[in-house]
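K.L.:
My questions will all concern the structure given below.
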Amino acid sequence: MSELGQHLKEIREQKNITLDDLQRTTKIQKRYLIAIEEGHYDRLPGQFYARAFIKTYAESIGLDPEELFDQFKSELPNPQQETVQLPSRTKRSNISARPTKRSKSQPVLTTILTIVILAIIAIAATIIIQNYLAADGAEQPDMNQNVEGDFYETEEDGDSDVSGDEEDEGNEDELVEDEPEPDPIELNFVETQGITSFYELHGALFEHVRIEMDGTSYIDIQNGLGRTLYMSDTGEDIEFDFSEEEELIFNFGRSTDVQLFIDDQPVDFQTDSVHQKIHITISDFEE
């Protein structure tokens, strides 16, 4: 057993914290916690996770991980930092882009214009027939005069129909403007249990999740099934699109250096504890 692992185990036992308790608090599997105490870092998923797991272990039993790392730096694995590859913003924007809806007004306007043209033709034909029947049967009608008169009467009727068409277009615009607005986004605090604060999200998905850093903190994000979606201990700002998830659990080793935003709405940390978790569920999620 390594000196670092022995030290962590002694502090844990002094505070009457079992490995099962520590597993529930840190979300780190029990076999990995045992490997840390025994100094078998090669049994961990990766050397990057060794430092992250030790840091979370230390914070959960009330130790300062930075002082611990400085004291036992000779025992700690010091690989080149592994990075978690995230999709670029360009890819995320392409994935989350939605097809633009075609304008509903275009086919309606085409139909209205067709009806207006047919109405003008029908009116012109009716006037010509009426003038022809009203003329003396023995005399041949003066076609030039009839055509000229019909032309001006049809033009007047056409003007009225065109104005009617403009009114229809105005009504169509009013219909488009009267479409209901989407429900506002609400992020409601429910309760706090231990170091975990529970929230309900209404009117939005996890499409725009942003974490801004004021320092360094261990971070891991899991979905409702317990699958880890992200893990890191860097101090860089990050942004995600988790729109396919109904439930997210954020685990922050040092919440004082973290700001969490859902659709540009800040999420408040409800306790004064350094190590905190935020559990958010979408109340109206539809698959």
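Start at 1 and count along the chain as shown; that gives each residue its number.
Note that Cβ sites are derived from N, Cα and C of the backbone, with glycine treated the same way.
Unlike curated entries, TrEMBL annotations are predicted automatically.
According to TrEMBL:
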type: DOMAIN; residues: 8-68; note: domain 'HTH cro/C1-type'
type: REGION; residues: 78-102; note: region 'Disordered'
type: COMPBIAS; residues: 78-97; note: compositional bias 'Polar residues'
type: TRANSMEM; residues: 108-133; note: transmembrane segment
type: REGION; residues: 153-182; note: region 'Disordered'
K.L.:
Can you check how the pLDDT averages out over the domain 'HTH cro/C1-type' (8-68)?
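P.N.:
Looking only at the domain 'HTH cro/C1-type' (8-68), pLDDT averages out to 90.
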K.L.:
Would you mind splitting the domain 'HTH cro/C1-type' (8-68) into helix, strand and coil residue counts from DSSP?
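P.N.:
Summed by class, the stretch gives 45 helix, 0 strand, 16 coil.
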